[in-house]
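Contents: one structure, followed by commentary.
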Amino acid sequence: MLMIVQLLVFALGLAVAVPIQNYTQSPSQRDESSQWVSPHYYPTPQGGRLQDVWQEAYARAKAIVGQMTIVEKVNLTTGTGWQLDPCVGNTGSVPRFGIPNLCLQDGPLGVRFADFVTGYPSGLATGATFNKDLFLQRGQALGHEFNSKGVHIALGPAVGPLGVKARGGRNFEAFGSDPYLQGTAAAATIKGLQENNVMACVKHFIGNEQEKYRQPDDINPATNQTTKEAISANIPDRAMHALYLWPFADSVRAGVGSVMCSYNRVNNTYACENSYMMNHLLKEELGFQGFVVSDWGAQLSGVYSAISGLDMSMPGEVYGGWNTGTSFWGQNLTKAIYNETVPIERLDDMATRILAALYATNSFPTEDHLPNFSSWTTKEYGNKYYADNTTEIVKVNYNVDPSNDFTEDTALKVAEESIVLLKNENNTLPISPEKAKRLLLSGIAAGPDPIGYQCEDQSCTNGALFQGWGSGSVGSPKYQVTPFEEISYLARKNKMQFDYIRESYDLAQVTKVASDAHLSIVVVSAASGEGYITVDGNQGDRKNLTLWNNGDKLIETVAENCANTVVVVTSTGQINFEGFADHPNVTAIVWAGPLGDRSGTAIANILFGKANPSGHLPFTIAKTDDDYIPIETYSPSSGEPEDNHLVENDLLVDYRYFEEKNIEPRYAFGYGLSYNEYEVSNAKVSAAKKVDEELPEPATYLSEFSYQNAKDSKNPSDAFAPADLNRVNEYLYPYLDSNVTLKDGNYEYPDGYSTEQRTTPNQPGGGLGGNDALWEVAYNSTDKFVPQGNSTDKFVPQLYLKHPEDGKFETPIQLRGFEKVELSPGEKKTVDLRLLRRDLSVWDTTRQSWIVESGTYEALIGVAVNDIKTSVLFTI
């Protein structure tokens, strides 16, 4: 019988094919039409060819993949579909080798869609602690809870967005607006997760700096027209390496098992089919040995994404076609393998990378370590496959409580240490019950939301701010403590007269009560989230930087009537402080990012002195909103929006911009008051290793490998479904239909396409996170600190580096070290900060490598980028 296998080549959203002869050139060069382009780079580097700690994992993975059939390999690469299996993402299983459906679950703040879990302090709040120990402990606590709920792969941490746009919707998920801070926090988080046998998935790779236009089919507000393509984050070459790629390098060095590619385009090619980003930058230059998974629906092509370095498609269906049973991969990837449009070696590499990552991170699941919850229902029993109501009824929720003393203590510690004291006149804080016997608390953001907190992905914003909204939120935390609950408790405990006024619009009662109060606390907020939810006209990104729920007017009213007003700002990013920062009656201001479930406890503990403030700002707060990089809302008539603000600012992101332009901020990056001042002495910088200008050449790759059975099946009947398969509606299977046979594919490959593996990495590559020499200690900085106050406090010495003024590459000041230190009165402590070779390096766009320029460097030691206590010159 003659049967036809017709490869379905989906072209939806394919990148513009750019004919570039030298596909190793920088993607930041403009073509004649001034369009930013991302060159092609092939093939995908085969995993397992670095001489590193992944070798054992690859040996174990190869032993299994070498015995797998084509459909078994395909089943590992493709999600089974939305709302069918219990997690937000689920791969197919391979029962013959004891591999169950892999469970991938959001997110960076805790286990999404699961009961009894903890909503942890956001990444932004965590970054504000500047505490490396807490970075790790939070990761360990997250790992414990994910593991306890049966999750195999946690979709976090987030280091994209980098936070270059103050109004960016998802800034709260990541750790702040500096790549060094982000990378340090991400690496520790990854280690903590993976120590608990849960694979981390660092995201979003790369340039996902705003929610507006992040996907096709968005609305241009100026024309009301639908966009054709997602926004292109146009990123220059130096900025790509020095800023956006930097924390991903830290993540790879930490052994992260998976990387999630983002929805947006990067230099006019979609991130999940961008061969330069995935094949060259991530897998070759950074030496990433794990697998790349698409953001949910971010895969916009079949063959093209496969040869460009994508390894796993989630949730499996095509963009815009969830619960339709239609996939770019699954059955279509099987077809592409049989007609050789996608090389079998690429499929082998996908499957091997996935299994090797499971082994390397100790997250390889057993058949009895499965999800004990359903993402889709809170009921104890439900359909085995939720979206197919014809399937059997089984127990889907086991009500497992994953928390313990360690997880709860960690959540509170991180929340407390993240709170930043911005102003404290007349020693207003900590609150003295003897001096402030009548206490007023006001603001919607102090109390519970009238509709509770289990609203759609935490988009309820008429109460205390615990999280931002979207897939990065925790939908069903075990409990949440508002500032009202804990402040009222401490007020009663201290026998204070206490009142709480929730009303933030009709301010007559606030005016009356504030005039009688000895001290007034005003809790205000500003929220943001993911772009698929719009709250009060905020489509993920914030429309402006004002406070929500009339917060600015509330502060003004209270301060005009109470001479001792404390303002507590809780927000997902920067807000405008100019209306009240200098008000004489606003005697204290604290800022907190989304603090998670223990938010109220942490805030109250800081205000009443049960814990001392030790947080530092993870971003710059400007005096004027025009000093921030704006959200791009313009879309041309072509319907292909581009973000050139990233080009215009280049390396000058956040504090780099303010320092370079000599702009005085309201509050600088790294700023945070404590109850002590600190004296710095004996500052030294000493060489640990001779540093040459150029990196050493990396070791050659290990030999390329192939599986003996890679070409053993050319009979499509081998890929037919088993006769006894009981199909689930809209479930994605890898099997070919039984009425097909093989036909040669007719795919037009991009210019420069090749399947020939390289024998040697490029110069900046060759190791996890890049050339191993980049990670060697080059210099040590030592400084002695002595507290000048009477309390035991924690503070954060910060090291900023200035490059030689006569260097070839103009390089702005940048954070290159920090350490959180606790000192008692009179105690002296020496703090050692290490400078790695990469910390001294600049990206040479001509050589396409990192170099260390000769000349005089300056190490500046301070407690904020604009509050330097001492500096040391050293010459290379």
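Cβ coordinates are placed from backbone N, Cα and C, and glycine is handled just like the others.
Swiss-Prot lists ASP295 with the feature active site. Here Swiss-Prot flags ASN22, ASN224, ASN267, ASN332, ASN339, ASN372, ASN426, ASN544, ASN585, ASN739, ASN780, ASN790 (among others) as N-linked glycosylation site. What Swiss-Prot records for 1-17 is signal peptide.
Checking each of the glycosylation sites ASN224, ASN267, ASN544, ASN585, ASN790 against ASN426 (N-linked glycosylation site) by C-alpha distance, the shortest gap belongs to ASN585. A strand conformation is recorded for ASN780 (N-linked glycosylation site) in the three-state DSSP classification. Each of the glycosylation sites ASN267, ASN544 was scored by the number of other CB atoms within 10 Å of its CB, and the largest score is that of ASN267.
The Cβ of ASN372 (N-linked glycosylation site) has LYS149, GLY150, ASN397, TYR398, VAL400 as same-chain neighbours under 8 Å, each 6 or more residues away in sequence. The Cα of ASN585 (N-linked glycosylation site) lies closest to that of ASN544, out of the recorded positions ASN267, ASP295, ASN332, ASN544. Least crowded of the glycosylation sites (ASN224, ASN585, ASN780, ASN790), judged by neighbouring Cβ atoms within 10 Å of its own Cβ: ASN224.
Note: the Cα of the residue listed as 'active site' and the Cα of ASN544 (N-linked glycosylation site) are spaced 27 Å from each other. Neighbour density at the Cβ, taken as the number of other Cβ atoms within 10 Å, is lowest among the glycosylation sites ASN332, ASN739 for ASN739. Secondary structure from DSSP puts ASN585 (N-linked glycosylation site) in coil. Proximity to ASN790 (N-linked glycosylation site), defined by a C-alpha to C-alpha distance within 10 angstroms, is shown by none of the glycosylation sites ASN267, ASN332, ASN544, ASN739. For ASN224 (N-linked glycosylation site), the nearest of the glycosylation sites ASN332, ASN339, ASN544, ASN739, ASN780 in terms of C-alpha separation is ASN544. Comparing the glycosylation sites ASN339, ASN426 on other C-beta atoms within 10 angstroms of each C-beta gives the minimum for ASN426.
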